[in-house]
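Summarising the annotation, Swiss-Prot assigns ATP binding site to Ala14, Asp15, Ile16, Gly17, Gly18, Thr19 and lists sequence analysis as the type of evidence.
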Amino acid sequence: MKNSQDTQVINLVADIGGTNIRLAITDKDNNINEIKTYQCKDFPHLSNVIYHYLKENGLLNSQVNACLAIACPVDTDSISMTNLPWKFSQKQLKEELKLHSLTLINDYTAIAMAIPLLSDKQKVKIGHGEAENKQPIAVCGPGTGLGVANLVNINNHWYCLGGEGGHTDFAPVDELDVKIFQQLKTTKKRLSYEQLLSGYGLEQIYQALVIINNQEATNAEQSKLSAKEISTQAIAGTCPICQQALSQFCKILGSFSGNLALTTGSFGGVYIAGGIVPRFIDYLKNSEFRARFETKGRMSHLNEQIPTYIITESQPGLLGAAAYLNQVFP
């Protein structure tokens with residue numbers, strides 16, 4: 001794209017996590033091009049990696065509109081990355097890189113904004129229910145933490161309502177939930193959903209079940225299984241407690257997702273994002289996830305109508321940042 005002075009105008013998007021930063025160029029149709037992934041640890045500052053990308057792609061003299069999705073609060077000029085030593089001023093970053101515009105959004109705002117663009121190949125439906133056009137959408141994502149966001153459509157534009165829903169109080173539903181809650185409460189003053197629906201949360205469920213079942217782990221390493229190891233052994237059927245832990249994780253995720261649906265009237269669907277659940281889609285399909293999602297007493301008939309999906313698109317952050325930027329600069 002060119003402006004009136006024949007300067008190339010580009011839209012730059014980024015998805016910045018604690019380990020990697022992904023940068024790309026997008027167009028008005030939200031196509032993502034020139035995707036590059038860099039290790040955050042290889043650069044002393046965010047400006048260095050963005051400058052490197054622009055130089056590498058011959059874009060230093062372009063008019064750049066940038067939208068950066070970042071895993072930390074973005075409502076002040078001064079930004080401190082949660083899991084990185086990077087600190088910067090939004091105003092100074094824009095000036096240093098000579099950007100035409102700079103917009104920072106939360107990482108889950110980006111994921112939420114990607115949802116209306118997803119095709120059937122970029123998501124997997126769990127259970128029944130049909131999405132209603134332009135109705136509210138909810139998304140949650142177990143990963144390092146538990147991200148939550150909501151989308152509403154106003155005058156044919158999607159707007160994201162962020163929040164910290166993952167930190168709401170955990171509410172046990174069945175007897176095993178209660179036992180896990182009681183066991184974890186011996187060391188915690190308060191238990192949020194994030195402390196169960198995350199990588200760390202799955203590990204906590206497993207460790208609680210080892211004690212509840214009065215079983216000694218076969219060795220010290222077995223008692224410190226990672227979330228990935230727990231899910232892998234559960235799927236393989238080689239560890240009964242791992243299976244029990246993953247099954248309970250799926251149930252609790254169903255309860256939490258169902259709560260989101262009722263709270264926000266998410267008749268456009270509830271979407272599951274994050275790096276954990278896509279590892280065991282078939283396991284989730286065969287679990288009690290959907291039963292827990294629908295079982296809401298007198299309101300069960302509402303959740304029975306609401307579809308649930310797992311996002312399988314590999315770059316939802318970049319796609320959502322592109323959608324956000326194109327809505328700002330149509």
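Note that Cβ sites are derived from N, Cα and C of the backbone, with glycine treated the same way.
Recorded features from Swiss-Prot, shown on the structure.
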| residue | record | contacts (Cβ under 8 Å, 6+ apart) |
| --- | --- | --- |
| Ala14 | ATP binding site | Ile21, Arg22, Leu23, Ala24, Ile50, Ala66, Cys67, Leu68, Ala69, Ile70, Leu318, Ala321 |
| Asp15 | ATP binding site | Ile21, Arg22, Ala69, Asp107, Ala110, Gln315, Gly317, Leu318, Ala321 |
| Ile16 | ATP binding site | Arg22, Cys40, Leu46, Leu68, Ala69, Ile70, Ala71, Met81, Asp107 |
| Gly17 | ATP binding site | Cys40, Ala71, Asn83, Asp107 |
| Gly18 | ATP binding site | Cys40, Ala71, Met81, Thr82, Asn83, Leu84, Thr144 |
| Thr19 | ATP binding site | Gln39, Cys40, Lys41, Asn83 |
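Of the chain residues outside the ATP site list Ala14, Asp15, Ile16, Gly17, Gly18, Thr19, Asn20, Ile21, Arg22, Cys40, Ala69, Ile70, Ala71, Asp107, Gly317 have their Cβ within 8 Å of the site's Cβ mean position. In this structure, Thr19 (ATP binding site) belongs to neither helix nor strand by DSSP; it is coil.
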